[in-house]
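S.K.: Below you'll find the structure I mean.
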Amino acid sequence: MVSVNMYHYTKVMSQLFLDTPLSAGDPSTFRSLSTMEDFWKFTEGPFLNGMYWEVWYNNKSLPENQSLIYYENLLLGVPRLRQVKVHNETCSVHEDLRDEVQDCYNLYTLTNEDTAPFGPKNGTAWLYTPESEMNSSSYSGQVSKYGGGGYYQDLSRIKEESAIQLQVLKDHLWLDRGTRAVFLDFSVYNGNINLFCIARLLAEFPATGGVVTSWQFQTVRLIRYVSSWDYFVGMCEVAFCLFILYYVVEEVLEIRIHRLHYFKSLWNCLDVLIVTMSVVAIIMNITRTAMVGNLLRGLLENHTAHPSFEPLANLQVQFNNMAAVIVFFSWVKLFKFINFNKTMSQLSSTMSRCAKDLMGFAIMFFIIFLAYAQLAYLVFGTQVNDFSTFQASIFTQFRIILGDFNFSEIEEAHPVVGPIYFTTFVFFIFFILMNMFLAIINDTYSEVKADMSQQRTEMEMTDLIKKSCNKALMKLRLKKTAVDDISDGLRQAGGKLNFDELRQDLKGKGHTDAEIQAIFAKYDQDGDQELTEHEHQQMRDDLEKEREDLDLERSSLTRPSSGRSFPRTQDDSEEDDDEDSGHSSRRRGSSSGGASYEEFQVLVRRVDRMEHSIGSIVSKIDSVIVKLEVMERANLKRRDVVSRLLDGVMEDEHLGRDTDTHREQMERLVREELERWESDDMVSQVSHPQPATPVGPRPRPSSSLSTDGLDTGVNGSGHV
């Protein structure tokens, strides 16, 4: 539909008619016309010279009655000049000035349009022709919107005859005060690239006087199927129509089943919109193809008529616009599928979550934005072109935000208000409101990222692609498996294998920390971060078994399937040992569901670590219980000693013995008890050794406790 040739074609045609000077001594071009006299200079000069190429650069004549613009572009039919007018007295003049102002020609509207004959009153140039007979349509210029009817003059295919026709129009004052617009229409075809260019040059003569020029060059491909590539595109279009037919039936059935609930999903609404627009585009394409055939047949029958390619070109442009919108929404629909990716899911979730806040912010933003636009329109609208209309003011302010603005124009228009307007607008809109907009999105993105980090990791599209690539590489034996990598690490380690050595070796081969830690924890039963000879041998045996299983699986994958698929066994799950445990979701065993193999391995490792921790805790509890038993026996002995001491004191008081003798006897009893307790403590320590890693602070020795108790007893007895 669109190619770089279309751009170059439009560029060369516009340069020929828009940038050619009116004469050797007048550098003015069509872009800068200012008077009716300049318009006639353009039609008699650059327009005729660009339209009719009758000789080569060496003055050799081209084929008769044939004009090849740039020697490559065939003029289709003849050019046409058409003007629209307003009649006199379409406006009212103030009574104080009626003596000075005799005539009054208002702005162009359909009600003010002049349809009466004028001039010689013969021929289409002097008689009004309605829009329906001219097969034309209304057109919007810079000043007003004009109807498709008017007074027209078809030129000739010969340059001299066309010049005479233009001279007649000029002599009979074809353009007057009532003229509001003149259209110059022509169409060319380039057979080298199979493109049509439908051109329209418009010169508007507003009620203010002067000339306002505009133009339109529509480069379209109307003849679609010429080369083999075009026929291939046609086959693709047929396939597209079949797909759309299928989706139309599908959408109708979905709507019939779910009714209005179907439109609660944004993606469903987008599907309906794409299908509807596709149906409209198909109808437009079929209509355009039929119209091209009819128009070309009429043109071949009459070379001297003006071909009305304008409706066809407009239809083609609308078709291109429709196709562009369909492609745009189709690209937007990709967001539905790339949500499998975590990053894209974060972005889409951020936009959906902050939509309400953005809507509230947008209301505040546009209130201030439109207030500034109204201010600029009222202050600068009469002097600055960028603010000449309210719509232009809105777009100009968007350009200010992007930095594309000419500050000197508003400063010259109003030296005081101009700088104040510009400074305050940039401050409030750019520095405050735009930063608020970014703050809303940034805050929401942080919340979404924090929420998603706490969720369970699901299967992503990248994981599926990675897994498929790994399987293909394993089939071709282009990728070493985890079994081979670990075996190499064991061979390089020697007798004992340290965790840091294994981690460094496997990290260099692309394995993750989770994989390495899981493998090491499986065989490091004593938890000393080092594999002994026995643990080393057990890992070797398991790796050999894994290698044999992988070899069997590769051999089964290379066998011909004879059109049938093999049932999945438990051994199939072993092929995913080299996958990342944090992102893979390969199912183990049958396809009936359940936990994934990697999840099962994670749980096994957790149970192993839990058993190891529980065993350590149990041993420490046993040690604490033994110490409590020792302390209990010490307390019993302490009670026995205290009771005997009390009995001795009571007996001495009863018998009336000497105090010195009593003290010597007490010291002797204390020494005997201390020697007996120390011997008991030695026996207890031999039978119950201390653990390597005691829990909590170390208790005081029982002898100290006993001594404290005895000291207390002695002091107590002395007091008694």
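Heads up, the Cβ atoms here are built off N, Cα and C, so glycines get one too.
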S.K.: In TrEMBL, C91 sits in a disulfide bond; tell me which of C104, C197 is on the other end.
M.R.: C104
S.K.: Tell me, what is the mean pLDDT of the domain 'EF-hand' (511-546)?
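M.R.: Overall, the domain 'EF-hand' (511-546) comes to a mean pLDDT of 71.
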S.K.: Let me know how many other Cβ atoms fall within 10 Å of the Cβ of E530 (Ca(2+) binding site).
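M.R.: Result for E530 (Ca(2+) binding site): 17 other Cβ atoms within 10 Å.
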S.K.: Hey, what's the Cβ neighbour count for D524 (Ca(2+) binding site) at 10 Å?
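M.R.: Its Cβ shell of radius 10 Å holds 20 other Cβ atoms.
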